[in-house]
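The block underneath contains the structure these notes are about, expressed in structure tokens.
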Amino acid sequence: MSGLNGFEGDNFYIPMSNRTGLVRDPFVYEQYYLAEPWQFKLLACYMFFLICLGLPINGFTLFVTAQHKKLQQPLNFILVNLAVAGMIMVCFGFTITISSAVNGYFYFGPTACAIEGFMATLGGEVALWSLVVLAIERYIVVCKPMGSFKFSASHALGGIGFTWFMAMTCAAPPLVGWSRYIPEGLQCSCGPDYYTLNPKYNNESYVIYMFVVHFIVPVTVIFFTYGRLVCTVKSAAAAQQDSASTQKAEKEVTRMVILMVVGFLVAWTPYATVAAWIFFNKGAAFTAQFMAVPAFFSKSSALFNPIIYVLLNKQFRNCMLTTLFCGKNPLGDEESSTVSTKTEVSTVSSVSPA
């Protein structure tokens, strides 16, 4: 069905009218009428870069955590959950996208498109809700609205279960008829259908549900908890209510989690903003690149969390170096890290960045 500024097919939407006769099915034909071939090659190179970094970084994060028992602390379970989310995006999303970019169209077909869109949405939502759990944990531990509280393994596992449940309630509906996954941007990757008003799929109600429940609500919770947390940390520092080591540990853990939140928002906010604009301006003209740039930039979120974790968590850095160098840390920080870990584990929910 051709509109003024777009063309809707059975399983796709092209942001170009077919009055020129150029529009072709993105599952069958090359899409070089949307962009020059070099742009598809550039996209393939970008995805190759993300795979080359995302796979080893997230994979090594999981491996090092499994190798070192002192990293297997409750709050670290949530951080591992973030690495799992990154692995899902890399293995089940990026690999399909790079193949499509090399070929110039989504040649795997509609079923693979649905799988790729589902996995990308699932990974992104697991990461977002994991950050919500971390934000709530920081709020409860630092602000103490419930008095003295220790984040236990059962709390961590419950939090992980919650992240996957919420992620599934966002990613699964398009697979069962509430909206759908279709190619977007340069037609090399797939996402929810923000573009059409097809009554068969009830796209409007799903998109509103997704934006409100799975973006606005979690982001609001994160901002509220960190707003309260910053005020509490400043008040505690001014009143000297806690020891200097406890305050330092709490500040450093909080800084790490805040940077993870900032990284997620930097990666995903442009995509959410553009998707919202397209949704609320149905029929408006836009280019394939207009959606492609934020869509593919959002995929970089798979790298942010493990990099921040490695840079700011001294205990993890030492364990990583010990693993890399076959049991020896070339920096010789293992002993001091162990001492600081014992102090910080008792005060900051078993996380010890330094």
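Note: Cβ is positioned from N, Cα and C throughout, glycine not excepted.
Per Swiss-Prot, the topological domain holding Val28 carries the same name as the one holding Phe280, which places both on one side of the membrane. When Swiss-Prot is consulted, the disulfide partner of Cys113, picked from Cys45, Cys188, Cys190, turns out to be Cys190. Among the listed glycosylation sites, namely Asn18, Asn203, the Cβ with the most fellow Cβ atoms inside 10 Å is that of Asn203. All protein chains considered, the CB of Cys113 (disulfide bond) has 26 other CB atoms within 10 Å. Long-range Cβ contacts of the transmembrane segment (77-102) within its own chain (Cβ-Cβ under 8 Å, at least 6 residues beyond either end) map to 40-41, 43-44, 47-48, 50-51, 54-55, 57-59, 61-62, 65, 108, 112, 115-116, 119-120, 122-124, 126-127, 130-131, 133-134, 137, 153, 156-157, 159-160, 163, 186-189, 260, 296, 299, 301-303, 305-306, 309, 351. The DSSP secondary structure for Asn203 (N-linked glycosylation site) is helix.
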